[in-house]
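Colleague: Sharing a structure, written as structure tokens. Questions coming.
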Amino acid sequence: MASLRKPSNHADRACSRRLRVATRVAGRRMCRPVAATKASTAVTTDMSKRTVPTKLEEGEMPLNTYSNKAPFKAKVRSVEKITGPKATGETCHIIIETEGKIPFWEGQSYGVIPPGTKINSKGKEVPTARLYSIASSRYGDDGDGQTASLCVRRAVYVDPETGKEDPAKKGLCSNFLCDATPGTEISMTGPTGKVLLLPADANAPLICVATGTGIAPFRSFWRRCFIENVPSYKFTGLFWLFMGVGNSDAKLYDEELQAIAKAYPGQFRLDYALSREQNNRKGGKMYIQDKVEEYADEIFDLLDNGAHMYFCGLKGMMPGIQDMLERVAKEKGLNYEEWVEGLKHKNQWHVEVY
């Protein structure tokens, strides 16, 4: 997932070859870009760890606190476009004011119910939530536990014959969120999700593989690991992020990532797969599986020694990754299916795609 919107039954999240995200479309308001002179609210470059309210470390993992029938009412604080002009789509960082009343853990998701989701046979609106992975730690971007952030790609449908956008087929929830203004009320469900949680062992290496907004849960990870001072959680392992996007303008949270890489050179690694700017070893486009393959031997060794591997993003990323890993496993004399099952059994293998 991501912020992703998740499950396949969510119409505006379902990705087809003809569902594209336009960066500029005449007559439609876009996410407001932040002026060059104004600091972005979507990134933190100050790497001096900040103190956070430890009460959020207490108790059991929150799960399904709010439902479609009884959602939580939150308000949008800000919406910021975080992709550049040459990106193939528009992605927004959205900060939501929750007042700490819908707590979550890193790796979980919120449901968002957009207005006018579905009308039943009696003419009444039926609330249907779209799921988005949360892109902040449980303490929010401010570190006080009063907000949560989403990373949302605006989904629009472009007719393959005319090349024009069809407003009737645009993603309902993603456009509602990207068009929101400060103070906009949103109905939320959740939190949900157990698949992408951080391991209890703070020494375990983390290998995170993302495409697009699949980076959202991993942002919650790296902020907990490197930006926040949590007395009960001192991350000492390796954090390795592989990120696949089209080009440099499509990189998400790169300033924050570069600041972490500079502050923790021996503990944080970052590798991009830029399909429209880089070539793989065979001269073709550099996709996420190609970049991961460059370090396959090291990754297999890390997994043999207790590393956790996470995948989040478009479901189309997984076949190429699985084919590559199966080929490498065979070269190493391993049965791929048994190898993966062994990792799943030890809870080292985490996949959430949409």
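Including glycine, each Cβ sits where the backbone N, Cα and C put it.
Grabbed the feature section from Swiss-Prot, which reads as follows:
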type    : residues                                                                                       : note
TRANSIT : 1-35                                                                                           : transit peptide
DOMAIN  : 69-198                                                                                         : domain 'FAD-binding FR-type'
MOD_RES : LYS118                                                                                         : N6,N6,N6-trimethyllysine
MOD_RES : LYS124                                                                                         : N6,N6,N6-trimethyllysine
BINDING : ARG130, LEU131, TYR132, SER133, CYS151, VAL152, ARG153, TYR157, LEU172, CYS173, SER174, THR213 : FAD binding site
BINDING : SER133, ARG153, THR213, VAL245, GLY246, SER275, ARG276, LYS285, GLY313, LEU314, GLU352         : NADP(+) binding site
MOD_RES : LYS170                                                                                         : N6,N6-dimethyllysine
Colleague: Among the recorded positions listed here (LYS124, TYR132, SER174), which has the Cα closest to the Cα of THR213 (NADP(+) binding site)?
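Modeller: Considering only the listed recorded positions, the nearest one is TYR132.
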Colleague: Given the model, what does the mean pLDDT over the domain 'FAD-binding FR-type' (69-198) come out as?
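Modeller: PLDDT averaged over the stretch: 91.
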Colleague: What are the helix, strand and coil residue counts for the domain 'FAD-binding FR-type' (69-198) according to DSSP?
Modeller: 10 helix, 48 strand, 72 coil
Colleague: So if I draw a 10 Å sphere around the Cβ of LYS124 (N6,N6,N6-trimethyllysine), how many other Cβ atoms end up inside it?
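Modeller: For LYS124 (N6,N6,N6-trimethyllysine), the count of other Cβ atoms within 10 Å is 8.
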Colleague: For the FAD site as recorded (ARG130, LEU131, TYR132, SER133, CYS151, VAL152, ARG153, TYR157, LEU172, CYS173, SER174, THR213), determine the largest distance between any two Cα atoms, in Å, rounded to the nearest integer.
Modeller: 23
Colleague: When you look at SER133, ARG153, THR213, VAL245, GLY246, SER275, ARG276, LYS285, GLY313, LEU314, GLU352, which the record names as binding NADP(+), what is the longest CA to CA distance in angstrom?
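Modeller: In whole numbers, the farthest two Cα atoms are 28 Å apart.
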Colleague: Quick check: of the recorded positions listed here (TYR132, LYS170, GLY313, GLU352), which one has the Cα closest to that of LYS124 (N6,N6,N6-trimethyllysine)?
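Modeller: Checking each of TYR132, LYS170, GLY313, GLU352 against LYS124 (N6,N6,N6-trimethyllysine), the shortest Cα distance is to LYS170.
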Colleague: List the Cα distance (Å, whole number) between LYS170 (N6,N6-dimethyllysine) and ARG153 (FAD binding site).
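Modeller: Rounded to the nearest whole number, the Cα-Cα distance is 12 Å.
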Colleague: Between GLU352 (NADP(+) binding site) and TYR132 (FAD binding site), what is the CA-CA distance rounded to a whole number of Å?
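Modeller: Roughly 11 Å, rounded to the nearest whole number.
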Colleague: Name the secondary structure element type, per DSSP in three states, that contains ARG276 (NADP(+) binding site).
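Modeller: In three-state terms, ARG276 (NADP(+) binding site) counts as coil.
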